[in-house]
Amino acid sequence: MAEKEVISSSASILKKQHIGIVFVIISAICFAMKGILAKLAYREGVGPDTLLTLRMISALPVYLFGIFWFARKTPGEKPALWSRDFLWILLLGLLGFDISSVLDFDGLALISAGEERLVLFLYPTFVIFLAWIFTRRKIGSREIYASGLAYGGIVIVTHQTSGPSHGSMTGILLVLGSGLFYAIYLLGVEDLVKRVNPLWLTSVVMITATLAIMIQSMAIGSLHVDKINGKVLELGILMGIFSTAVPTFLMSQGIAYIGASRAAILSFLGPVATLFLAMMFLGEKVSVQEALGSVMVFAGVILISLKKRSASQEKMDFPDGPEKGLAEEAIQKTMG
């Protein structure tokens, strides 16, 4: 009986890991739409701050619904206001999707989409090394190889489209800062989802970011409503729902299942997704060089997704004794 229970438990854990991988991959693809939609909106003459504010306002109803849904489904779980965790959540809203988004949109207006993809997707590396610095989490050889392979693919993919930099160093530094703050956000989420419902966490973080972005845009006079025409409004709504609300919920739940480091490496799919989305919506062509880079990224993602059996065992947290032996045997059976 005990063995059956352990087998069932290990199978459930592995299922959650697989679901987490799918969630993060879908999230990366949804986030990849952001650059395409933003570039289309910039062609209409709208500024970065106005577009970013429109994006966040469009996503706001979804996050408010998330709060309502959480309160309805879990009436007994009322997060303590102004507790330490609640204050950390507010801080993540400012660091993860306020400062990070502002830096990214401002940088995207100064450099090409290819350069923005390359610089922004340094953030998985930031996640891994920040985790090592602050939590002493060991960097596994598989993570190193997967990161190197995936990032090498990104360099190949973006090298041809980027070419010599026609943007300013300011734009590159802005996007680099965006990636750093987003990495901090992912690590913060990884810690908080152990104690806080991912739906509630994401909703509060994003509502905080939305309010902060609205206030600062109005305060510095960079919000120009007159620049929002029908096309910009349509793009902003699409960006708010499918490139903001949906992927943030999926990413938070994915991190809860597989951790921030693996989620960050899986997100290397983002630049490749942007490449093919640009081909579909902007008429750009994919060269042999770009296809090769894409294959390298996919190989890196597969490498990090197919974790070794010992890594899965670490997720079990079984004490030493008969149960641990049963767990190891159960994982071996479920892994085939």
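Including glycine, each Cβ sits where the backbone N, Cα and C put it.
Taken from TrEMBL, the feature domain 'EamA' covers 19-158 (among others).
Summarising the annotation, TrEMBL assigns transmembrane segment to 21-42 (among others).
Sequence annotations record features per position, and here TrEMBL assigns transmembrane segment to 54-71 (among others).
The transmembrane segment annotation in TrEMBL covers 86-105 (among others). Long-range contacts of the transmembrane segment (86-105) within its own chain (CB-CB distance under 8 A, at least 6 residues past either end) are made by residues 38, 48-49, 51-52, 55-56, 79-80, 116, 120, 174-175, 177-179, 181-182, 184-186, 188-189, 192, 196, 201, 204-209, 212-213, 216, 248.
Annotation comment: TrEMBL describes 117-135 (among others) as transmembrane segment. Using a Cβ-Cβ cut-off under 8 Å and counting only residues 6 or more beyond its ends in the same chain, the transmembrane segment (117-135) has close neighbours at 35, 104, 107, 111, 143, 147, 150-151, 154-155, 157-158, 162, 172, 175-176, 178-180, 182-184, 186-187, 260-261, 264-265, 267-268, 270-271, 274.
Here TrEMBL flags 144-162 (among others) as transmembrane segment.
Residues 92, 95-97, 99-101, 103-104, 106-111, 115-116, 119-124, 126-127, 130-131, 134, 251, 255, 260, 263-264 of the same chain lie 6+ residues outside the transmembrane segment (168-187) yet bring a C-beta within less than 8 angstroms of a C-beta in it. TrEMBL lists 168-187 (among others) with the feature transmembrane segment.
Per TrEMBL, the feature domain 'EamA' maps to 170-305 (among others).
According to TrEMBL, the feature transmembrane segment maps to 199-220 (among others).
Summarising the annotation, TrEMBL assigns transmembrane segment to 232-251 (among others). If one looks beyond the transmembrane segment (232-251) by at least 6 residues along the same chain, the residues whose Cβ comes under 8 Å of a Cβ in the stretch are 23-24, 26-28, 30-31, 33-34, 37-38, 40-41, 44, 46, 51, 54-60, 62-63, 66, 97, 186, 189, 198-199, 202, 205-206, 263.
The transmembrane segment annotation in TrEMBL covers 263-282 (among others).
Sequence annotations record features per position, and here TrEMBL assigns transmembrane segment to 288-306 (among others).
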Among the ranges 21-42, 54-71, 199-220, the one whose Cβ pairs under 8 Å to the transmembrane segment (263-282) are most numerous: 21-42
Positions whose Cβ lies under 8 angstroms from the transmembrane segment (199-220), at least six residues beyond its ends: 49-50, 52-53, 56-57, 59-60, 63-64, 66-67, 69-70, 79, 86, 89-90, 92-94, 96-98, 101-102, 189, 192-193, 244-245, 248-249, 252-253
DSSP residue counts for the domain 'EamA' (19-158), split into helix, strand and coil: 114 helix, 0 strand, 26 coil
